[in-house]
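Written below as structure tokens is the structure these notes are about.
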Amino acid sequence: MTTRQPIYKSLYFQVIVAIVIGILIGHFYPDTGKALKPLGDGFIKLIKMVIAPIIFCTVVSGIAGMQSMKSVGKTGGYALLYFEIVSTIALLIGLIVVNVVQPGAGMNIDVSTLDASKIAAYVTAGQDQSIVGFILNVIPNTIVGAFANGDILQVLMFSVIFGFALHRLGAYGKPVLDFIDRFAHVMFNIINMIMKLAPLGAFGAMAFTIGAYGVSSLVQLGQLMICFYITCALFVVFVLGAIARAHGFSIFKLIRYIREELLIVLGTSSSESALPRMLIKMERLGAKKSVVGLVIPTGYSFNLDGTSIYLTMAAVFIAQATNTHMDITHQITLLLVLLLSSKGAAGVTGSGFIVLAATLSAVGHLPVAGLALILGIDRFMSEARALTNLVGNAVATVVVAKWVGELDTDKLQSELASGGSAILETRPEDDLGVAEGPTPGAAVNTTKTV
């Protein structure tokens with residue numbers, strides 16, 4: 001029988017305290033808050049440092065260990081189908097809500113008076129986005145370049161190809177697979193060490209956000225923010241909740257299960273900061289490693305529900321605020337463009353704003369200079385985007401795993417019932433809970449049976 005650790009030692013509690021202190025420092029000592037930005041940036045860089053090798057190890061180990069390669073294609077096909085359906089629903093919900101509530105109506109902003117200099121970099125980056133360019137960018141110029149740049153889709157593509165090739169080698173490739181499994185243990189132990197700094201990273205990022213933008217920036221455009229936050233919450237509870245209920249689990253229990261990851265995302269405004277832990281947690285939840293390795297990384301570009309809601313709401317808000325007429329044809333065009341452009345948003349801070357810039361440029365009817373209206377509050381809105389994205393990818397993983405018959409439902413219910421509270425104490429073999437690698441002489445195949 002294990003003893004539950006004191007609450008002050010839990011990451012959940014530590015991150016909450018860090019966020020609260022960061023808000024207070026940023027509000028009362030804004031200059032100090034802005035100076036703490038390197039703490040948040042440093043933490044995210046530490047996480048990004050190990051994301052590429054972790055994705056590689058997880059995907060390769062999962063694919064190479066599968067009995068049939070048909071399962072990989074089936075999983076990928078179901079995942080993309082789910083992503084397209086749910087992200088389209090998210091885009092539609094954002095479009096409907098912003099038309100009903102009309103948060104930008106009555107602002108009567110003259111576009112010529114807006115300072116477009118601050119958004120120039122975003123517009124330039126957005127203009128570089130194209131469908132063909134996005135597809136070609138998935139193919140890395142070099143293997144080393146994919147890992148050096150940390151491009152999730154490039155790393156994922158190479159990992160899938162490597163996994164297929166390793167599977168074809170059969171027993172001859174087993175030493176390589178054994179090495180990758182052991183290397184994965186090292187990477188996840190590095191994550192375990194980095195996560196001890198999560199409260200510090202959340203503290204620095206939150207202090208900077210409040211110090212740089214201030215609470216006053218929330219008041220001016222508060223209606224849009226409140227509308228967006230409520231829409232995201234309703235989407236999670238009713239849309240994702242209905243999907244979860246239809247597949248035999250509770251959305252609220254799932255949220256409780258990933259509460260630590262949600263708090264890390266809240267503090268850093270980046271869903272990417274929780275990616276390594278999500279890979280482990282979703283596997284512990286009963287999803288097969290091969291499914292988790294494909295769905296989670298792919299979802300970070302193709303299943304961003306919060307970003308989808310944001311894109312339609314922000315685009316129409318700019319039209320309303322600048323009195324730019326948008327009839328049904330314009331809005332359908334916007335929706336069709338977003339169905340493609342939204343797939344290029346990675347789970348990093350600021351990517352949603354770049355995609356919005358690309359969308360406004362592509363549509364042509366909307367004033368790109370209107371981006372200056374929401375630049376000041378985008379950082380605050382990115383938190384709701386990232387949280388919704390994370391929950392959406394967690395639901396997607398469980399659903400796709402169930403669709404392809406790679407979900408241990410008994411384990412799912414058991415883990416959700418426990419809330420993941422004993423995750424560090426009771427399983428010394430788990431990657432997040434150990435400080436040492438596999439025991440010498442032990443079996444080298446670390447793929448967990450589900």
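Every residue, even glycine, has its Cβ placed from backbone N, Cα and C.
Swiss-Prot assigns the feature transmembrane segment to residues 332-352, out of the candidate ranges 122-142, 164-184, 332-352. Sequence-remote contacts of a segment are chain residues at least 6 beyond its ends whose Cβ falls under 8 Å from one of its Cβ atoms, and for the transmembrane segment (10-30) they are 36, 195, 198-200, 202-212, 214-215, 259-260, 263-264, 266-267. Distant neighbours of the transmembrane segment (78-98): 227, 231, 235, 239-240, 243, 294-295, 298-299, 302-306, 308-313, 316-317, 320, 331, 334-335, 338-339, 342-343, 392, 396, 399-400, 403-404; these residues of the same chain sit at least 6 beyond its ends, with a Cβ under 8 Å from one of its Cβ atoms.
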